[in-house]
């Protein structure tokens, strides 16, 4: 029956590539400013779309100011939602610390949720606040990816682009059209789209039930396309009003990685060599496939505690088998395992099953995918430029081995670039490890744990890995709505996002000044199986050296203990 999981993974990858290829071609027009003439004429009448080129410092300042202003407005919207319209359930104002945490979460594309959406936020807060920032945070990540692409393929300090123009075009010409089509499809499939607060129906026991509704389809579309992940409902994509059918589940999985995959194809075309984009796509695809198969295998083994209770966990024609705790029967084991892989490989964080109920090894894989820096496809834009940091490190190490100055696409990778690469690669793991250590030492952190021992440590490690790498998913046994967790995780989300984004922009600013050097016999070919293997090795080596000690205290020891005692 494992063949069913392999077939699902294979069909998923084929559909993803078929859809990503034309989208990647379309994205090259946004990178290269090749728009239809009529659009250029329309933009010429919009004052802030004067396409004056920015230096990297100006671009970075624009991104920071834009996001800080957005966070302030979102914070105020939630802080005073009780006095604002479109609040049919008369939900109270959100507490200041939770509002601050949520605002930072959504501007950083993390979408960490320390609240239940249907009982905490009004439709106005969900639509005007969260949904808007789902678009803007995604556009910010893609814009920074565009800047690095231009830096690698152009020469001249005034060729990096304009932040306002990039964000406008990405939002209006890419994200909005795709989201409208996607939302209509979701609504047709049964995803709720209503301004009604709730509907009352008689339950099976005769007691009236109040079922919350809301403008879900419109938020769900960009939630997945923008690798945001924050659900309208607390159950996220496990909720039938967000993800009702096997078809919507498959489409949601494809939509998570659609833009990240398309950016790899786009990069190859912008660089004038499709092979460099394909190398990144192969690297990410191999790592994703291996991770998915590992989770499927781990979950298919079942749970030893349930086995001792004589619970039937065997696969058959009438049940998925394996560890079905925390999973929806309409999706089954294979689709739930693949979704868990995809959502943590990307910085999405949406879930269609409870990750806290995964087996120890099944929960280990999503944790590792986040700890690698969200570079296995990763978030829209951020996954691509995060992987490029590893690419620069790989060519640097290769250059050291053969005694040549490292270069990529004909541009030399020198001391300044490697300093920025080091900063970008070290900040997220440092935040994860220091934050986790602080949380398990201080009583203010320990009060959030409902579990003790290895699993309790795993819950805390997962939370800080998710926040620092802007994923947003969680092991749900952790109570994160405390002053300590709200403040600490907000700091991690902000620094984890901009602590990587700013070094990437600095690298772009340095590379744009350099001229392309012609390739020689000693130049490293940045494509082909050898380069893909080297890149995978560097990514795994950095992750293994950094996190194996922490993982040994959590999921690894939990697995050994669980299977030994049962």
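Here the Cβ of each residue, glycine as well, is placed from N, Cα and C on the backbone.
What Swiss-Prot lists as transmembrane segment is 6-26 (among others), and the listing cites sequence analysis.
Annotation source Swiss-Prot lists transmembrane segment at 60-80 (among others), citing sequence analysis. Residues 54, 93-94, 96, 98-100, 102-104, 106-108, 121, 124-125, 128-130, 133, 136-137, 140, 143-144, 163-164, 167, 498, 501-502, 505-506 of the same chain sit 6 or more residues outside the transmembrane segment (60-80) yet have a Cβ under 8 Å from a Cβ within it.
Annotation comment: Swiss-Prot describes 128-148 (among others) as transmembrane segment, evidence class sequence analysis.
Residues or ranges marked as transmembrane segment by Swiss-Prot: 167-187 (among others).
What Swiss-Prot lists as transmembrane segment is 247-267 (among others).
The transmembrane segment annotation in Swiss-Prot covers 276-296 (among others) and is backed by sequence analysis. Long-range neighbours of the transmembrane segment (276-296) within the same chain, counting only residues 6 or more positions beyond its ends whose Cβ lies under 8 Å from a Cβ of the stretch, are 2, 5-6, 9, 13, 17, 24, 257, 260-261, 264-269, 333-334, 337-338, 340-342, 345, 358, 361-362, 365-366, 368-369, 375-377, 383-384, 387, 391, 409, 526-528, 531-532, 535-536, 539.
Summarising the annotation, Swiss-Prot assigns transmembrane segment to 331-351 (among others) and lists sequence analysis as the type of evidence. Residues of the same chain lying 6 or more positions beyond the ends of the transmembrane segment (331-351) and with a Cβ under 8 Å from any Cβ of it are 4-5, 8-9, 12, 109-112, 223-224, 227-231, 236-238, 246, 249-250, 252-253, 256-257, 260, 284, 287-288, 291-292, 295-296, 299-300, 320-324, 358, 362, 365-367, 369-370, 374, 376-379, 382-383, 466, 469-473.
Within its own chain, the transmembrane segment (361-381) has Cβ neighbours under 8 Å at 109, 138, 140-146, 225-227, 257, 259-261, 263, 284, 287-288, 291, 294-295, 298-299, 323, 337, 340-341, 343-348, 355, 387, 389-390, 425, 428-429, 432, 458, 461-462, 465-466, 469-471, 473, 475, 500, 539-540, 542-543, 546-547, 551, 554-556, 559, counting only residues six or more beyond its boundaries. Feature annotation from Swiss-Prot assigns transmembrane segment to 361-381 (among others).
As annotated by Swiss-Prot, transmembrane segment applies to 383-403 (among others), with the evidence given as sequence analysis.
Feature annotation from Swiss-Prot assigns transmembrane segment to 423-443 (among others).
Residues or ranges marked as transmembrane segment in Swiss-Prot (evidence: sequence analysis): 492-512 (among others). With a cut-off of 8 Å between Cβ atoms, the residues of this chain six or more beyond the transmembrane segment (492-512) that come close are 55-57, 59-60, 63-64, 67, 104-105, 108-110, 112, 140-141, 144, 147-148, 150-152, 154-157, 159-160, 373, 382, 385-386, 388-389, 392, 411, 416-417, 420-421, 423-424, 427-428, 431-432, 435, 464, 467-470.
Long-range Cβ contacts of the transmembrane segment (530-550) within its own chain (Cβ-Cβ under 8 Å, at least 6 residues beyond either end) map to 279, 282-283, 286-287, 368, 371-373, 375, 387, 390-391, 393-394, 397-398, 425, 429, 432-433, 436, 461, 524. Annotation source Swiss-Prot lists transmembrane segment at 530-550 (among others), citing sequence analysis.
Outside the transmembrane segment (247-267), and at least 6 residues removed from its termini, the chain residues within Cβ reach (under 8 Å) are 12, 15-17, 19-21, 23-25, 27-28, 31, 138, 142, 145, 149, 174, 182, 185-186, 189-191, 220-221, 224-227, 237, 274, 276-278, 280-281, 284, 288, 331, 335, 338-339, 342-343, 345-346, 348, 350, 352, 377-381, 383-384. Tertiary neighbourhood of the transmembrane segment (128-148): same-chain residues 30-31, 56, 59, 63, 66-67, 70, 74, 77-78, 106-109, 111, 121, 160-161, 163, 166-167, 170-171, 174-176, 179, 215, 218-219, 222-223, 225-228, 230, 259, 263, 379-382, 384-385, 388, 501, 504-505, 507-508, 511, selected by CB-CB distance under 8 Å and a gap of 6+ residues from either end.
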